[in-house]
Structure formats: structure tokens, C-alpha cells
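Enquirer: Let me begin by handing over the structure; questions about it come next.
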Amino acid sequence: MNTILAQQIANEGGVEAWMIAQQHKSLLRFLTCGSVDDGKSTLIGRLLHDTLQIYEDQLSSLHNDSKRHGTQGEKLDLALLVDGLQAEREQGITIDVAYRYFSTEKRKFIIADTPGHEQYTRNMATGASTCDLAILLIDARKGVLDQTRRHSFISTLLGIKHLVVAINKMDLVDYREETFARIREDYLTFAEQLPGDLDIRFVPLSALEGDNVAAQSANMRWYSGPTLLEVLETVDIQRAVDRQPMRFPVQYVNRPNLDFRGYAGTLASGSVKVGERIKVLPSGVESSVARIVTFDGDKEEACAGEAITLVLNDDIDISRGDLLLAANETLAPARHAAIDVVWMAEQPLAPGQSYDVKLAGKKTRARIEAICYQIDINNLTQRDVESLPLNGIGLVEMTFDEPLALDIYQQNPVTGGLIFIDRLSNVTVGAGMVRELDERGATPSVEYSAFELELNALVRRHFPHWDARDLLGDKHGAA
């Protein structure tokens, strides 16, 4: 067993008290990314090693694996703690997105180790989609490369505002301050083109030797800033969703018996209280919150990120994919939008193609109307293209089969982010971030009688194969 962990548990007064203390720590999700062999996996292994998160059996296994697959001679190859796939160990690269967990006395962390090779950019985008901070590794011998620019742009495109530029392998350039200063200046010049108001920090380090990772380096006395671990422990993550209006996508209608009907999901943004008036989209029907049910019992209020079940005072028609928001909020469903796309399939994305798209719990179909441009990640310029290739990033105009309640991605990633699904293979082929909504052709408001609405709901519920259109959602089909 990890002796440090055992000591922490003893200090807290037992396992239960330790687990409660862990629950109250803040959580930081971050990813490591950069060019091939910049030392991403080694850095994560060093963090785990120097924060004493490795168990004795893991350390013993690491010694054996280092002899068979290691690339560091007689030294421990800390990258093997993360490179779990056999193909990764044999090739000496990271292929899949590897997730690891560790904690310190101040904070707990979830790490995503993402691939450096260009052909695995789609894997990197997947890892970045849930993170608050990105560590961009740069080889001190090579400086800023194309893949560094690509990963920087993808990170900011996916809403990451905190970038830590870790200039690694300083031991191979004799820990020279001028090398660090030159790379820092080069990156800041490039970063002027990145979108948004970014928090960028620079740390010179050596993941292999441990310099400035968890402890200050005696080899770089010219650097007076914090270590990488200190940056991770103290960075103030301001999540935009905490300040946004309430959004609650319904993931599941929970009805275990005739006396209970609740709507389960994760509160995407804002907060909700018992007694608050809410509105359901796309129907527009209003009700009020009777209960907020959680695993730990009922609550009076829930905040963004909490998994909850809402019980309403009225028995109304709500299905998976519907969106609940405050009754006084206005969010007009849209059928047209401009979407930033990261394409992940071998077959290029082209105008005229149709895909299934999934947004929160909602699944519908969409058609590609036009590709506005592809972004050249070397200089972040826009160029006209007829199609978007594998790993291509560009702006696309789309039309949905039915009006969707959408937010701008930078304001709310949950209700502004979607994935493209191939209709034949059911494989995820792309990721989309809503840039701009277009309300042209919005369906005019039509008043239906209560009988018409109830009959329509009855037919759609019990005879889905009729493909009856939703009178309130403008879902076209044959009645």
C-alpha cells in the first residue's frame, strides 16, 4: 500500500473521514499535449511519482517494464506509468487518451494524456473537451512547432482559457535561460492570434530529472516562478457555466413506480431551487420545481455540474433530449447554425452530406449546407476548401431537421457542443462547437387545442413507427 496515502488516512481519522475530505477538495481537469516525444507521458509519470501517488506493486512493475520497454537506460521510464497500450509501449508513443487521477493536500486532479502525432489529433480534441486547463509541452531543443500551434488552437477552440506552456528537456540545453526566453517570446507572438482572453503561464522544467515539476530546481536559479505543481494547485478556474442562466438537459425520465416521475440529468449551467418556475423546450410549457432529488437525499438548491432528478408540480409531457430553463429566460430554438468543426473521419466532410447529431441528450439529423473555410493551423489563416479532411478544423453552416435549443459554445459547452454520428456505422466522426445561431426560417408560433396536443403526444408515444411530427417541436414526418 502507498505509505503516504496510509498516513493521510490516519491523519484524517479513518477511511470515511478521508473520503469526505476528498469530496470537498476542488477538482481540476487538465490535459497534456504537444508535439511527438516532447515528454507528455514522462511528465505525468513524474507528477505521480513526486507526489507519492505510486503504490509499491506499481513501482515494482515499473522497474520490470523499464527494463523491457524503457527508453531511459538504467533509469526508471516514468512514461510507462501512462502508456498502457501494448502498441504504445512498443512504438514509444501515446496513441489513446490516457486518464489518470491524483490528489495533493490542496486539490484533486484528473489528467488526460493526449497523443502528439498529427494523425491522432481527433483523440486530443476528445481529451480537451472536458478540461479546464492545458499543459502545452515544448521541447527546449526544437521550440514552437506546428503541432504546438494546432493543439493550442484546439484547446482554445474547445473553451480552455488557462494554458501552461511547459518548456521541457531543459537539461538537454544546459538549463540556459536564453533558450527559455526565446521560446517564451516565440509562443507569445503566436498566441496573439488565439481567440479569447487567455491566462498563459510559462514553466521551464525537466520531466525526466524532476526539475521544477513538483520541487524547485537547483539548476535554474534564474527562474523564480512557481513549479508546475504549484501552478496546478493554485490556478483559479472561473467556469463560465456558473455565471450562465439555468440549463438542464433531460437525460432520462425516471419513473420507478406510479407515484414518482422525475427528470434526471446533470445541471449544465446556473442553479435551480425548489419552487422555481421553469420552462420546457421545445414545447414552451411551464411548471415549477417540487423536489430536487439526489443520491444523498433531497436538496433545496442545486448548482452547475450536479447530477440531480427534478420532480415538477405538474404532469406534463417531457422526454429525453428536452431542455429545462428558467421560465423568464428566452431561448429561441434554431434550425440553422454556424458550427466550428473538428473532423475525425477518413471520409471528408462535404456539403450535401447528412449526419445524425447528438447534443446533450438530444439526437436528431443535420445537413451540411456549406463549408465556409478551413483553418490553416500553421498561421491560423482561413482558406477556401470544398471539403474538410481528417483532422481538419473549419467553420461549417448546418441545417437541423428540427429546431434545437442551442447556446453559443463559449458560453455553455453542454448546450453548445455536439457530435456528428455516421448513420450507417454509428461511429462518431466529428465534434462541433456552435459559433453563431441563424433564426431564418423559424417556425411561426401555432396555437393548438389541449385535445390536439394530447392526441399528438399519445400517437408519438405509442405509435413511434408512424413517425408523426411533433406539433410543438416541428418534427416533420408522415402522420
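Placed from the backbone N, Cα and C atoms, the Cβ positions cover glycine too.
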Enquirer: Look up region 'G2' in Swiss-Prot and report which of 47-51, 92-96, 462-466 it refers to.
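Expert: When 47-51, 92-96, 462-466 are checked in Swiss-Prot, region 'G2' belongs to 92-96.
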Enquirer: Which of these ranges is annotated region 'G4' in Swiss-Prot: 168-171, 268-271, 440-443?
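Expert: Swiss-Prot lists region 'G4' for residues 168-171.
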Enquirer: Among 113-116, 149-152, 209-212, 381-384, find the range that Swiss-Prot records as region 'G3'.
Expert: 113-116
Enquirer: For the record in Swiss-Prot, which of the ranges 34-41, 66-73, 410-417 is the region 'G1' one?
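Expert: Of the candidate stretches, Swiss-Prot labels 34-41 as region 'G1'.
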Enquirer: Reduced to three states, what secondary structure does DSSP give D37 (GTP binding site)?
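Expert: Once the DSSP labels are grouped into three classes, D37 (GTP binding site) ends up as coil.
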Enquirer: 10 Å Cβ neighbour count around D37 (GTP binding site)?
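Expert: Other Cβ atoms within 10 Å of D37 (GTP binding site): 19.
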Enquirer: Do you know the mean pLDDT across the region 'G4' (168-171)?
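Expert: Mean pLDDT across the region 'G4' (168-171) comes out at 95.
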Enquirer: Just how many other Cβ atoms lie inside 10 Å of the Cβ on K40 (GTP binding site)?
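Expert: Other Cβ atoms found within 10 Å: 31.
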Enquirer: Going by DSSP, is M170 (GTP binding site) part of a helix, a strand, or coil?
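Expert: SS state of M170 (GTP binding site) = helix.
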Enquirer: If one looks at the chain holding M170 (GTP binding site), which residues at least 6 apart in sequence have a CB under 8 angstroms from its CB?
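Expert: Counting only residues 6 or more apart in sequence, the Cβ neighbours of M170 (GTP binding site) under 8 Å are A140, R176, T179, F180, P204, L205, S206, D211, N219, M220.
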Enquirer: Enter the number of other CB atoms within 10 angstroms of the CB of G34 (GTP binding site).
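Expert: Step by step: centre on the Cβ of G34 (GTP binding site), count other Cβ atoms within 10 Å, giving 27.
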